[in-house]
Each structure stands twice: as C-alpha cells, then as structure tokens.
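K.L.:
Take a look at the following structure, please.
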C-alpha cells in the first residue's frame, strides 16, 4: 500500500505490460494488455485497520496527471481503452468519480474510458457476467486487433491496448484480463484456421485447463511482486469452481497481506527505492535515513502494546476470579480492564505510528 496512484509525471504504481504469445502452424501471434494504478495523486496509508481509507492528494492536478499518463500510453501503444473496475460506493466510489471526471476533458476517438462495477455485477463467483463487459469493448478489440506474423513474414500489427485497473490492479484485474485474453486467443485461432467459426477454448478441456493455469500463475506472479502473496480466487481461475479449500486459502492470503502491509512493507519499500536509485547515498556519506523516529513513534511497538493488553486482560480475569474471596479485587479488575481498553484505544487511534513505514525521504522523487 506504500505505492498507490501516480507521480506528477503520470507514472503509475504496479504498471504491468502482459503479452500473450502463441506459435502454431508457422504463425506467431501475440496480444498485449496493460494494467496500472489509478493515474492521479492518491494514497492509502496503513494504520492497522483492515482497509485503510483512500486519500486523494491535490485533486486539482488530477486531469493534468491523467493526461500525461495517457499521452505516454498513446505514444507507446496507439489507441487506449481504459477499463475501470472500481466500486461506485464508499472510498472506491470517490476514486472512480475522480478518475471519470479527470478523463472527461481528454477522451477522444483514440482514448476511451469505461467504468464496469466488477463487484456489483460479478460478485464473488459470477465471472461469466464479464460477458457484459466484453460486449461493450468488443468493437475496440476487433478494430485494434492483435499482432500476427506468418511464414512469409507478412504481419498484422496491434493498433491499440486495453488498460485495466482496480484498486491494487491484482485480483479483479487478473480475472478481467484473462477473459479478454481468452476472447482474443479464440479470434487468433479462427484467423489461423485452428478453430471453426463457433469453436471456443472451453470446448477443448485440455487447452482450457492449460489456459486457466497459465493466467492463474501469471496473476500469482504479479501479486507476489506487488503484495507479497499469491492472488485471491486462484481456485476459481484455475478450475472454474469455488471450493471450501479455496475460500480458506483466500482468508489466509488476506491475513498475510494485512500483516505484510502493516508490519513489513515499509522496509521493503525502502529497499526498492534504494536499489532503483530513487534515494541516493553519497560516497562516504552517512547511510542513516534522514527520517528518524521521534516522540511517540520512537517508542511505539505493536508487539509490546499487544503484550500489555493481553497481560492486563489476564490480570482482569484473575481479579474477577478472586472477587468472591476479597471484594477489593473488583476494583483491581476495573483498573486492569481500564488499562487494557485504554492501551487498545490508543493503538487504534494512533495506528499509523505502530506500522512499519518507509524511512527514506525521496526529495528528488515527486509524487506517490
């Protein structure tokens, strides 16, 4: 969660280009898609809550930053169709509305924006309803095509790209991109002559299984890189079915993501910034990060706070157990209970200082 949105130049977090390549019967064909965070300044600072609030930074700059981002995409890929999978309520709704408003001045014949409320329409298991999305983008996909090269070196170019995003550009984006890739692969097979007009990947069980596993592994790779865990709903992507084992695995993955977000990713982000040159250490200089802990943050420790809460609860329980022998233990239990609630309330209110945060100050790296 330490990298969300875009910087001032329009470069976005978790930007990934995916190229699906096939070689068969002397033909080579490919299809490119991209994903990336919502292209304006926003953040989601971890604070021990399960879903930290979204904060839009400098909203007045959103149209300019979005324009820079899509100008770069159009230079690289040609026409662009931006598919926004965010919800239309709560914090996601505010981000989606800002995205939509930022796109209005820049949409054109070569740049389209489409909102599709994935969670509302597809829920947790009804991914077949992505056909509603495909119906809305099929004209763009057919018009802009895919790359195709035959044995005589005659080729057809892909003229545009679909850009997909959700909040983290992982789980919902993985599922949506795999749907688009499946539809394009079927078009490619028909063009090459492998499939008849009405033939689909689903009519070939082995091919269908290989395709599902390929895209499930692809989603896991991106998720591990960005979030530190495999993607959610992996069983549904791999097998087309939701199983109890898969649901339990998703609960474990969600808990692991929560732990990494709050207690590990700050140091990991510093490592990335150092290795990528965003933070530079002068030769012979002090490598101590300029952002040093001070005040409460210097002594804030979530493990220590948790231990104190548990000890106070234990003492509360013990005092209540002794109440029958000595009425004074009721007072002790109230005191220990109050201490436990007080510490827990303080940690909840000051959650940010108990999290593992990046310490390097990137003075020459605007944005994010």
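Every residue, even glycine, has its Cβ placed from backbone N, Cα and C.
Not measured: the values here are computed from a predicted model.
The domain 'SAC' annotation in TrEMBL covers 1-228. Under the heading transmembrane segment, TrEMBL lists 298-318, 330-349.
Describe the structural context of each listed feature in the structure shown, including burial, neighbouring residues and relevant distances.
P.N.:
Counting residues 6+ beyond its ends, the transmembrane segment (298-318) has Cβ neighbours under 8 Å at 48, 262-263, 332-333, 336-337, 339-340, 343-344, 346-347, 350, 353-355 in the same chain.
If you look at the transmembrane segment (330-349), the same-chain residues 6 or more away from its ends with a CB under 8 A from one of its CBs are 48, 302, 305, 308-309, 312-313, 315-317, 319-320, 323.
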